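Have a look at the structure below, then the notes.
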Amino acid sequence: MDLIHTFLNLVAPPFTFFFLCLFLPPYWGLKFMVSILSWLLSENVAGKVVHITGASSGIGEYLAYEYAKRGACLALSARRETALHQVADTARHLGSPDVIVMRADVSKPEDCMRLIDQTVNHFGRLDHLVNNAAISIATLFEETPDISNLRPIMETNFWGSVYTTRYALQHLRKSRGKIVVMSSVDSWLPAPRRHIYSASKAALVSLYETLRVEVGSEIGITIVTPGYIESEITKGKFLSAQGEVDVDQDLRDVEVSAVPVGSVSGCAESIIKSTLRGDRCLTVPSWFRMTYLIKLLCPELLEWTFRLLYLTAPGTPTSDALSKKILDATGAKNLFYPPSIQSPDVKTD
């Protein structure tokens, strides 16, 4: 057996190289032609049924508006019912023929089952499932007194998507529908203080890439990896080391630094266009894909940069991080941060 592996270790690299040299040019040409056809034949969602989790704010809210503009029927869920009703009213005004709202916690399997059942019972079908609900963190791993305090991140970000997808699959098969998965560029970036959040987003990518193989062409899956987009997370809403939701905009300044924060409306528009084309994946803003290339080619450089920018010496306040000093010294916040994320009015429920 060891001899076989030794042989494969020698043969596999050159064989793979020559195979790719022959395969990639026609493959890329075919993909280009398919992308043109997909753009020309984008799905029409008028009258179709879309369920969006985490729809009370941020990307989920604006995805509801984009679907509404295209005439889709909406089922919106989140923990904040009052905010959901406000989103629903706007969606109706924008053109959605029917909108229902459901208060739910996607970390609970029974809530996820109820969400899908109520959607199908009301509309009679389900065409798109948008798994968007998420919470973030911004604390060093060793500074968390009880690591179990961070369980809600994985339970919401990962298991919440797992539960809703499992209960929705049979209905999506019938409609040959689509799943939109909200991962993050943090799924590949080694960002300090976002360890469990990054793990939850990376787990989503692995799960849905595997699920794509299992379901084949019956259900389309679009994996979205947003960068910094205006949302409650970029407003500074994090799960604290004590397991409580808190708002800390100084810490947000450390984490985001002088990186431009994208428009949530533009992000949502890009996501829905990508979904209707049937794209496999989308990174928005697209320039964040270069960070993945850097990670592949020189991971040590990426890790060193993150350590230099975001970490401070032991006993030194987090606000002394180089990332925040750069932000403050350049005045980049006024240029790169939308007014919406500089508002102190952020709900923590």
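Yeah, the Cβs are placed from backbone N, Cα and C, and that goes for glycine too.
In Swiss-Prot this protein carries:
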ACT_SITE  Tyr197  active site, proton acceptor
BINDING   54-80, Asp105, 132-135, 197-201  NADP(+) binding site
BINDING   Ser184  substrate binding site
MOTIF     13-26  motif 'Proline-knob'
TRANSMEM  10-30  transmembrane segment
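Mapped onto this structure are the features recorded in Swiss-Prot.
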residue: Gly54; record: NADP(+) binding site; DSSP class: coil
residue: Ile59; record: NADP(+) binding site; DSSP class: helix
residue: Ala64; record: NADP(+) binding site; DSSP class: helix
residue: Lys69; record: NADP(+) binding site; DSSP class: helix
residue: Leu74; record: NADP(+) binding site; DSSP class: strand
residue: Arg79; record: NADP(+) binding site; DSSP class: coil
residue: Ala134; record: NADP(+) binding site; DSSP class: coil
residue: Ser184; record: substrate binding site; DSSP class: coil
residue: Tyr197; record: active site, proton acceptor; DSSP class: helix
*Average the per-residue pLDDT over the motif 'Proline-knob' (13-26) and send me the rounded value.*
91
*asked:* As a test of the contact definition, list every same-chain residue at least 6 positions from Ser200 (NADP(+) binding site) whose Cβ is closer than 8 Å to its Cβ.
replied: Ala134, Ile153, Met154, Asn157, Phe158
*To the nearest whole angstrom, what is the C-alpha distance linking Arg79 (NADP(+) binding site) and Ser184 (substrate binding site)?*
21
*Rounded to the nearest Å, what's the C-alpha distance separating Lys69 (NADP(+) binding site) and the residue listed as 'substrate binding site'? Just drop the number here, would you?*
25
*In sequence order, the recorded positions (Gly54, Ala64, Leu74, Tyr197) whose C-alpha falls within 10 A of Ser184 (substrate binding site)*: Tyr197
*Looking only at the motif 'Proline-knob' (13-26), what are its DSSP counts of helix, strand and coil residues?*
14 helix, 0 strand, 0 coil
*When you measure from the Cβ of Lys69 (NADP(+) binding site), how many other Cβ atoms are you left with inside 10 Å?*
15
*Including all protein chains displayed, how many Cβ atoms other than that of Ile59 (NADP(+) binding site) lie within 10 Å of its Cβ?*
26
*Sorry to bug you, but what's the C-alpha spacing from the residue listed as 'active site, proton acceptor' to Ala64 (NADP(+) binding site), rounded to the closest Å?*
24
*Do any residues at least six apart in sequence from Leu74 (NADP(+) binding site), in the same chain, have a Cβ closer than 8 Å to its Cβ, and if so which, in order?*
Val49, Val50, His51, Ile52, Ala64, Tyr67, Ala68, Ala88, Ala91, Ser96, Asp98, Val99, Ile100
